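Chemist: Straight out of Swiss-Prot:
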type	residues	note
REGION	1-183	region 'Large ATPase domain (RuvB-L)'
BINDING	L22, R23, G64, K67, T68, S69, E130, D131, F132, R173, Y183, R220	ATP binding site
BINDING	T68	Mg(2+) binding site
REGION	184-254	region 'Small ATPAse domain (RuvB-S)'
REGION	257-347	region 'Head domain (RuvB-H)'
BINDING	R312, R317	DNA binding site
Amino acid sequence: MSDERVVTPRAGEEDQQIEKSLRPRRLAEFIGQEKVVEQLRIAIAAAKGRGEPLDHTLLYGPPGLGKTSLAGVLANEMEVNIKLTSGPAIERAGDLAALLTNLQKDDILFIDEIHRLNRAIEEVLYPAMEDFALDIMVGKGPGARSLRLKLPRFTVVGATTRLALLTSPLRDRFGSVHRLEFYSVDALYEIVMRSARILGVVCTPEGAREIAARARGTPRIVNRLLRRVRDYAQVIGDGIITLDVARDALAKLEVDHLGLDENDRRLLRAIIDLFGGGPVGLSTLAASLAEEVDAIEDVYEPFLLQLGFLQRTPRGRIATRRAYEHLGVPYVERSVDNGAEQGRLWT
């Protein structure tokens with residue numbers, strides 16, 4: 001269900017096709033993430049000055065914030081090729097070996113969802129990242145021997161939404177680690193105006209800011225909302241996205257002024273109505289919503305935590321006073337006994 005939401009940060013097929021035309025190609029075009037961009041600018045200049053590949057780089061943060069786009073920008077700035085893959089796509093050590101042996105000098109290997117690499121594949125990746133060498137086994141049984149192949153110097157750029165799931169040995173092999181934060185409304189406004197120009201959409205500043213304010217701090221969502229509002233303006237209006245058109249379109253999409261949709265409100269109401277405001281365990285909450293645990297952790301929670309609507313505790317999730325106020329539900333202070341009782345739901 002979460003992937004069908006207009007405010008999901010996960011990329012659908014339409015997003016993947018459209019995003020290619022909207023992605024920035026250079027750091028100068030990249031909007032937001034100023035600290036990360038400046039750190040990468042220095043790293044790129046230093047690497048090019050020494051004639052070396054970029055340090056292995058890890059990008060982490062909620063989905064939809066531009067990790068893949070930033071990897072492409074790094075390749076363009078370094079003037080090298082980039083090969084794209086993902087943790088789940090590398091099923092066997094042979095898959096990784098094929099990728100590594102096809103890399104040219106200074107190329108970038110981008111691994112999305114790198115936390116989903118299995119341990120056997122990580123063992124192959126370690127010497128490749130450290131020594132630019134690939135250890136392969138030749139033969140079987142007692143006569144098997146290890147053969148080391150030299151690889152050209154290259155850069156691994158890893159992306160993950162779940163930094164804590166990376167093993168320490170893998171995490172330690174990245175010389176450059178950067179967290180991508182949610183975007184400000186001002187930054188998202190700039191993204192809307194830029195995307196509107198590329199898509200040939202007429203959008204007033206007021207309309208653009210309204211879309212930006214409801215995009216949950218996420219560029220992928222702001223671009224998706226822009227396309228949905230564009231459709232509404234084309235069919236219902238004169239094709240121009242004004243403030244009123246944006247508000248009407250977003251109201252029909254059930255995206256409120258903070259960027260919450262009906263699924264977010266349903267999650268908060270479940271905690272409040274079914275579990276007395278919490279604490280409630282993650283697996284129990286997921287079961288009550290017929291959702292996957294990963295979807296709640298990766299898709300729902302980051303923005304609700306950012307808004308201060310949700311609190312994580314050792315005993316489970318708690319809806320905050322702000323969540324009650326947003327839903328128009330009277331807030332009742334939880335007693336210690338109630339918290340202890342609800343704590344039994346923690347898993």
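Positions of Cβ are set from backbone N, Cα and C atoms, glycine also.
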Chemist: Per DSSP, E130 (ATP binding site) is which: helix, strand or coil?
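Modeler: The residue in question, E130 (ATP binding site), is helix (DSSP, three-state).
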Chemist: Determine, to the nearest whole angstrom, how far the Cα atom of R312 (DNA binding site) is from the Cα atom of E130 (ATP binding site).
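Modeler: Just about 37 Å between their Cα atoms.
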Chemist: If you count other Cβ atoms within 10 Å of each one's Cβ, which of the binding-site residues F132, Y183 has the most?
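Modeler: Selected residue: Y183.
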Chemist: Identify, in sequence order, the residues in the chain of T68 (ATP binding site) that are 6 or more apart from it along the sequence and have a CB within less than 8 Å of its CB; answer 'none' if there are none.
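Modeler: When sequence neighbours closer than 6 are ignored, T68 (ATP binding site) has L84, F110, D112, A159 within Cβ distance under 8 Å.
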Chemist: Per DSSP, Y183 (ATP binding site) is which: helix, strand or coil?
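Modeler: Reduced to three states, the DSSP call for Y183 (ATP binding site) is coil.
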Chemist: Distance between Y183 (ATP binding site) and R317 (DNA binding site) at the Cα atoms, whole Å?
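Modeler: Y183 (ATP binding site) to R317 (DNA binding site), Cα-Cα distance: 25 Å.
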Chemist: If you count other Cβ atoms within 10 Å of each one's Cβ, which of the binding-site residues R312, R317 has the most?
Modeler: R317
Chemist: Whole-number answer please: how many Å between the C-alpha atoms of L22 (ATP binding site) and R317 (DNA binding site)?
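Modeler: It is 37 Å, counting Cα to Cα.
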